[in-house]
Amino acid sequence: MAGRDGDYRQEAADDSDMDDLDPEIRLSAKDKGKGRANPRVQKLKAQPKEVYSWEESYTRSWDAVQEDEDGSLQNAVGEFLARTRRKRLQVPAEAIRRTIVRHLVLVIDLSASMTDRDMRPNRFDLTLEYAREFVAEWFDQNPLGQIGIVGMKEGIAERVCALSGNPPDVLKTLANRRDLEPSGEPSLQNALDMARGGMSHLPSHSSRETIIIFGSLTTCDPGNIHDTLKQCVEDKIRISVVALAAEMKICRDFCTETGGIFGVAMNEGHFRDMLFDHIPPPAVRNAQNAGAPANGNGAPTNTATGDLMMMGFPTRLPDTSAPTLCVCHGIMKSEGYLCPRCLSKVCDIPTDCPVCDLVIVSAPHLARSYHHLFPVKPYDAVRSLDPNEDASLTCNGCGTAFPLTGHAPLSSAGAADGVSRYGRYRCPECKKDFCSECDVFVHDILHCCPSCNT
């Protein structure tokens, strides 16, 4: 009985709280009933509904697709593809000081967490696929660079591939799936110490970069990982992290302190975009000029000067030449390249001569590295056609005929992304029009305007 009396008194106390309500929503006995709406509920419904932080980025993308007059979705799909291209091409075109001789260590998480299937087919297989594509594209855009690969598994770091400028050698190590089978826990500290040790001998004119593909939420480290962070900052190693699970504070700290980029992949496509964003050379950090003298306003002056770097153009040996011993692998072979300084034979270029440490490159490699320093200016989308203007009827690149009339009016997103409803994109220098396909080809592959150079 005592318990039940206590419950009764508690219920009475709860009913007394109704006196504290707003007089506008207080109900009388005759107003109560199933057929009458509760004013309290109506007032709560009138208030703006708050959403969680993870719901703010949710959009009903299918509502943005609109059919044309004929009921076709071709124009909507074409606009979506054009927006995707223009987003990638709308980058600053001004000359930025960059490092064309790059040294990159790709750290891959090979722990048991990479077997999760939140990304198809699983994190491990998808990472290997994207890593192979990344290496091939990275060497194509940075022919003077070198890539090394480090794996994290069983609480230790394994050197999968040493720094190499030969793409087939790097791709061969990524193709051996059996040796990269994920297991155990990762160790960020061991992996960064191994990457830092492999880049400690590099000259000052080259960049030192590390990209970590991290899929775990834990790290098994033998010591204080913050000491490793300080050493990476002192050695000017730029660390970037592509997380597949969630954000970790230590990963964010590494990217913030070293000037890298941190991001969490939301899906497979986002994962690939984040990884491929590291292909262009990063801009030289202003922190390297911290010791420069200050000007009259107290700010440090930009007295950075370009460092001269000695390179050599080798002599290529044909397949019909007499077999000799190469200094890089110790193998007797006919083809190869002779160092112009010490006449030592190497198998592939670009590379550093193992005997005299001269950077051996070819003229095409050197020319292909300069397009990052002087990029092509983004083409302007043609918003309207002037009847008095003598505009070309075909693309100046491929000769494809432009539509005589524009497509349906663009959406607000398409107009903001710089999409032309006429399919014309005009060079700001030569004022020639190109189609969207040639626009992508010029900025991604050719790296020079064909009309400006003719």
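A Cβ is built for glycine as well, from the same backbone N, Cα and C atoms used for every other residue.
TrEMBL: automatically predicted annotations, no manual curation.
Positions annotated as compositional bias 'Basic and acidic residues' by TrEMBL: 1-12 (among others).
What TrEMBL lists as compositional bias 'Acidic residues' is 13-22.
What TrEMBL records for 23-34 (among others) is compositional bias 'Basic and acidic residues'.
Annotation source TrEMBL lists domain 'VWFA' at 103-244. Using DSSP to sort the residues of the domain 'VWFA' (103-244) gives these counts of helix, strand and coil: 56 helix, 38 strand, 48 coil.
The feature domain 'C2H2-type' is assigned by TrEMBL to 425-447. In the predicted model, the domain 'C2H2-type' (425-447) has a mean pLDDT of 89.
Annotated region 'Disordered' per TrEMBL: 1-48, in sequence order.
Proximity of distant same-chain residues to the zinc finger (339-356), defined by a Cβ-Cβ separation under 8 Å and at least 6 residues beyond the stretch ends, is recorded for 143-144, 165-166, 312-315, 317, 324-329, 331, 333, 362, 365. Look at TrEMBL and you will find 339-356 tagged as zinc finger.
Taken through DSSP, the domain 'C2H2-type' (425-447) splits into 11 helix, 4 strand, 8 coil.
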